[in-house]
């Protein structure tokens, strides 16, 4: 993988993480589970560690979070509320311990850790002045939080005054606000009784409760607080270990989790981690891992901090959760290219904070591999805590009335024959645009952001238009009028006019976007761009032979035949001509002559994760340099730019003796020629 590919991947990861940080920290409306965020963050961090020259000050790894919502007064934390680095395996935890051992001047034997469950709630800071609760704030972005003092005062297990005759002049207590399962269930039951919206999970309920502008509402929510550390402390001599500080907090009335333990050495820590995994279902509140801290405060100070996390602590996260449920039925869906996908209809089950009732079975081979039948008890896993998967079947529980899953021979939507081409795992409907399901998906693809980018025409509008037989081909979209659109559900005059304006704007596009929008099988964005740059106009592309098509970078025999066959079908030609007749146009494709450089006229393959520029930016740069960015390695390949976790392409390049360079090496060469 090239340095440019790595850079592009880093950029994409940063953009994705920033979006989810905004949803999580600013709106308190997370769109993905923590485990998926952790996976993305871990991937970005690993790439930046391997390529430190690509680290930028605004990377999510270099700060804690996002800015707080308006509506509450902002409070700047005197000491930043840092997050923790994560471990996802014993090996990563042991590597953390090794880093500590390497850094300490005098290594105690054994290393003692204060081990805690990682509560799945909201981090808060609570200030006591002369023993009286005076201020509380959310963590926010770690530097600035929101003033939630009035709401924190309503939480019953937080003392308004410390239980001591000799309180500190100032004391900052940090911890987690969460909602136990029992209270969460009662809250949702009451919401259902009153016809109100329920919360998806206890963390969302806690977040929504803490951020109520009316403290009376918060006071009716079953929130609980557990302390996990001391921040500012003035006018008091604190104990010399983290565990003893927690015990001191308990002694002055601050609640601390009852599962906190001292563990001597790595093996004991890992035993604690596994014991918390076993206890997790019966705790009565959500945890998503363990927090493991060097106990000695002096050692903590010696180890210090990196920009966003302490070196002396780590969160060892649990793997994705698995649950058992029953397969009630299997439905078969039809995709844009006619692919038939079996979808498992499950008895609803709560997995990792989300109710799961559907899961893909991928294809007929997967059904055979699992030996799955309707009525079976199946194991559901949310991969990365996001995508529901059936990972196993409890065949010993198969009921007597279990039914075999019969893959259809006719399309469930249009009745056309279903065929499976030799060498492909996917079976497909042969109905083409005669099939409403394929028509809908093809039209959704046509208007999508990366294709024609018609943002005023969404999936629901496409569904209505096809169902009411108002459109059959992409060109029909441009024949719609205001009156027709206003007759549709949820389409007032303003929405209808917005749709028409978007359609008019989309008429001015690029040849690459237009080719991609046509939905030719296996022609993605990169291939569409290569085709546009190579042939310069649609007539030349339409007239190209399979051999001429294979001269284009990233176009092999299979893809060339797909493109060639597409242009041999009269209905496709008619559809394209109709679009042109509706005013679709683009500027003539002009390729600037690249200056002399080592990549001009060469075929380059990208592999692995590019962190400095990202894959798409790297491909664009290669085209500017006069190179061809291909998708597979062959004897015709001149260079392979290898990023992190490069796989089979790198192996094949080494076998063929193709020159391999890193992303950093590639960029260094490019920069040298730019000078």
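Backbone N, Cα and C atoms are what each Cβ position is placed from, and that goes for glycine too.
Using a 10 Å radius centred on the Cβ of residue 118 (active site, N6-AMP-lysine intermediate) and all shown protein chains, the other Cβ atoms total 22. Feature annotation from Swiss-Prot assigns active site, N6-AMP-lysine intermediate to 118; the stated evidence is sequence analysis.
According to Swiss-Prot, the feature NAD(+) binding site maps to 34, 35, 36, 37, 38, 83, 84, 116, 139, 176, 293, 317. In the three-state DSSP reading, residue 293 (NAD(+) binding site) counts as strand. Cβ environment of residue 293 (NAD(+) binding site): 113, 114, 115, 116, 242, 300, 312, 313 lie under 8 Å away, each six or more residues apart in the same chain.
If you take the C-beta of residue 414 (Zn(2+) binding site) and look for same-chain residues 6 or more apart in sequence within under 8 angstroms, you find 429, 431, 434, 435, 436, 437. DSSP assigns residue 414 (Zn(2+) binding site) to coil in the three-state reduction, placing it in neither a helix nor a strand. The Zn(2+) binding site annotation in Swiss-Prot covers 411, 414, 429, 435.
Here Swiss-Prot flags 594-675 as domain 'BRCT', drawing on sequence analysis.
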Check: Just the number: how many Å between the Cα atoms of residue 139 (NAD(+) binding site) and residue 118 (active site, N6-AMP-lysine intermediate)?
Finding: 16
Next item on the list: Among 36, 38, 84, these being the binding-site residues, pick the one whose CA is nearest to that of residue 411 (Zn(2+) binding site).
Entry: 36
Next item on the list: Fill in the CA-CA distance, residue 84 (NAD(+) binding site) to residue 118 (active site, N6-AMP-lysine intermediate), as an integer in Å.
Entry: 11
Item checked: Assigned conformation of residue 435 (Zn(2+) binding site) - DSSP reduced to three states -> coil
Next item on the list: Please list residues from the chain of residue 38 (NAD(+) binding site) whose Cβ is under 8 angstroms from its Cβ, counting only those at least six apart in sequence.
Entry: 86, 88, 317
Next item on the list: Count the residues of the domain 'BRCT' (594-675) that DSSP assigns to helix (H, G, I), to strand (E, B) and to coil, and report the three numbers in that order.
Entry: 31 helix, 18 strand, 33 coil
Margin query: Just to verify: the residue among 84, 429, 435 with the fewest other Cβ atoms within 10 Å, which of the binding-site residues is it?
Written below: 84
Check: Quick one: what's DSSP say for residue 36 (NAD(+) binding site), helix, strand or coil?
Finding: helix
